[in-house]
There are 2 protein chains.
Amino acid sequence: MKLTILGCYAATPRSFTNPTSQVLQIKNHLFLIDCGEGTQVELRRNKVKFSKIKHIFISHLHGDHFFGLVGLISTFRLLNREKELHVYGPKGIKQAITLQLKLSNSWTNYPLYFHELESKEPQLIFEDEKVSVETIPLKHRIYANGFLFKEKPAERKLNMNACLQHEIDVVYYRKIKAGGDATLEDGTVIPNAELTFDPDPPRSYAFCSDTIYKPDNLPQLKDVTFLYHESTFLEAHAKLANPTGHSTAREAGLMAKGANAQYLILGHYSTRYPDLTLFANEAKAVFKNVLTADDGKVFDLDELTA
Amino acid sequence: MKLTILGCYAATPRSFTNPTSQVLQIKNHLFLIDCGEGTQVELRRNKVKFSKIKHIFISHLHGDHFFGLVGLISTFRLLNREKELHVYGPKGIKQAITLQLKLSNSWTNYPLYFHELESKEPQLIFEDEKVSVETIPLKHRIYANGFLFKEKPAERKLNMNACLQHEIDVVYYRKIKAGGDATLEDGTVIPNAELTFDPDPPRSYAFCSDTIYKPDNLPQLKDVTFLYHESTFLEAHAKLANPTGHSTAREAGLMAKGANAQYLILGHYSTRYPDLTLFANEAKAVFKNVLTADDGKVFDLDELTA
């Protein structure tokens, strides 16, 4: 599990700050989250194998989270992509992209699916054997969703010593890893607990940007492993946060604390502040494990939870 | 007169090459020509005072010439622009931009005017006292125009020695600069030629990208001072040029020669080639004064015509 920050600054792209985009690597998926202008170049700069991206999640349709999408979709076409691509985002996203593809007479040569979102309740929008993705309803100036990426509980780990000692045939391993007991030829039942160890606990990553401080979301975020939460402002500008649909670093800290998160990752900084430690310090006053996103930074989430 | 190349490479933006965009400074105007993804960042990097841009000319609606426009328009809004902005481009451009502004609920707070182009004949699309702009019909995979920027003939320059010698009152200077003769109090007529010098000859800049080799356009381009012509390919890949709607460097040279241009500026290079001198050498085989555009390069057009 690895998180690559391509951009994490608010508003307009500048020479040295990129708008929001990040890549979450989880269980063999490369999920792209948001796609501000210039994302395709940042994918190249950060050496992300971006042809492997099959799912793109767009939080909302403000330019700093969305204007790079049409370019990325077009570049996939120029690179002769064949694999299907799924885009999840607010209603209207399909029209915005397809209109531009139509005007440039450049329809994609790969299957492109749009999953438009309108609900204001959490929704399961992707699921396979190992991972699920839910929307997190946010409150911003326009319709916006965060995304909660969850690992599914893994199989139990075989206690190989115990299995060999009881001379259990390998054909039963799958059943045992799934939680079943073993029955020997003489009818003796060996309980699963004797043959297995607990698997690594499933982890989760919640992306919450852009949004006002919204403690309504705490039940859904309960015990999240990693909470990425926007902190556009410091408390010094708290008056700006609510009217613009944003949060302060302290509010991000309160969300992490209320959710009992293991880690808080701050991002979506206003460029008015000179130093990211200001954000970290403010959040640390209410929550301990604070990390700061920055453009080009890679978080090894396995290492953090090892 | 100054030309700043923000980007001049074909197809997708990469870490070290930008898609097409350039700024032509002419007679107190800053004209932006094309606006590929990332243009607003390149404007900052190249320290262009981009709030002064009032006119944007878009050749065609392929992404590498157009996908940066919506972001620039949005950034102007965030920077509290008040001055009006005029966008000239193919029919459909208004819908593509306004749909995205509507979806992000971010209508501009400054007047934004679209001038949609459909004609396949040259059209005068902008004119003031000192400059005119005409479309140049191009032939590409989709509807495309180049743009011909022309200085108007300047006023004649006063020969101050002659004016003082004839004791001509300053109230007549304007008339004399406009080409009129002077009549003294005793009725003597001093012909204009005695009182003035020729002004600097008016100069012109033609932007032709993207297009196949199209000698039909030579009459319109006759005696152009600077011809920017795309050269996506070298002759080695000439077979690719026509089907993709592009030209070779040699064809660009032939256009410059046929137009009797003073200078040819090459651009819109495919990134398959390692070195821009390959393009220059090929064009120089048919035309002498060849310059190569490159990202971040500034051409002092005054110096070149001094």
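Positions of Cβ are set from backbone N, Cα and C atoms, glycine also.
Residues A:D64, A:H65, A:H268 are recorded by TrEMBL as Zn(2+) 2 binders, and the candidate that the same record lists for that site, out of A:D128, A:D198, A:D200, A:D210, is A:D210. It is A:H140, among the binding-site residues A:H60, A:H62, A:H140, whose Cβ has the fewest other Cβ atoms within 10 Å in the structure shown. Among the binding-site residues A:H60, A:H62, A:H140, A:D210, the ones whose Cα sits within 10 Å of the Cα of A:H268 (Zn(2+) 2 binding site) are A:D210, in sequence order. Sequence-distant neighbours of A:H65 (Zn(2+) 2 binding site) (same chain, 6+ apart, CB under 8 A from its CB) are A:P19, A:T20, A:S21, A:D34, A:C35, A:G36, A:I58, A:S59, A:S209, A:D210.
For A:D210 (Zn(2+) 1 binding site), the count of additional Cβ atoms within 10 Å of its Cβ stands at 26 [all protein chains shown]. Taking 8 Å as the upper bound (exclusive) on CB-CB distance to chain B, the binding-site residues A:H62, A:H65, A:H140, A:D210 give A:H62 in sequence order. The C-beta environment of A:D64 (Zn(2+) 2 binding site), restricted to residues of the same chain at least 6 apart in sequence and closer than 8 Å, consists of A:A10, A:A11, A:T12, A:P13, A:P19, A:T20, A:G36, A:E37.
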